[in-house]
């Protein structure tokens, strides 16, 4: 009952802040801008002008799997930034204002408080991500060729695991610091550091969370799920659960100390 109450409160708060409107719209733009701009690149360059006379512009040859992966590439950058931005004050802001203390004084467990907020942000991200990727699927199918339903939902759910990790990491930093801006900085720096580690040691650590996108590309090209993708997804799920458990412990320790 307490969990549902907090969960509904978060949904209502995000609705009042119009997040349930603008976040899906932003995800649509992020997901469709690369495939569309790539397809219409010759027309864009021609309209800009400045090309030598007689120049023949042909659209780059892009297969459907490459086109839809453009959406995931943008989500890995801009999408992740949006997710961190909408989650950076979910707990830190309430701790800073003292609202968290008022809630936790009641018979509400720390894990109930954390998990309800995590679940609401996950629902918002899931909805926005689904709408954005459906829009991308439509335009890729229209402009580049067919992506089967099996391929689409496979890449959708595998990449969702990475987004769940991003939310969990942001929640984790929410319990460590009370400044939302610092939460954003720490989360982004951590993800960038993980990306650098993945690029350097990709052959030695094929199961690293940041390698999920690369494995999805391979899955689409070969039409089969690589073992390394299962490994990366499993590790990412374990890390996400670990971050939630650690968040509960840290928040409980800090609130008791205060």
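Glycine is treated like the rest: Cβ placed from N, Cα and C.
Within the set 181-201, 202-222, the record from TrEMBL flags 181-201 under the feature transmembrane segment. Between the transmembrane segment (228-251) and the stretches 20-41, 67-92, 122-140, 152-174, 181-201, it is 152-174 that has the most C-beta pairs under 8 angstroms. Through the fold, the transmembrane segment (20-41) approaches residues 11, 14, 57, 59-60, 62, 67-68, 70-71, 73-75, 78-79, 82, 86, 124-125, 127-129, 131-133, 135-136, 139-140, 143-144 of its own chain, all at least 6 residues removed from its boundaries and within a Cβ separation under 8 Å. Long-range contacts of the transmembrane segment (181-201) within its own chain (CB-CB distance under 8 A, at least 6 residues past either end) are made by residues 80-81, 84-85, 88-89, 92, 166, 169-170, 173-174, 208-211.
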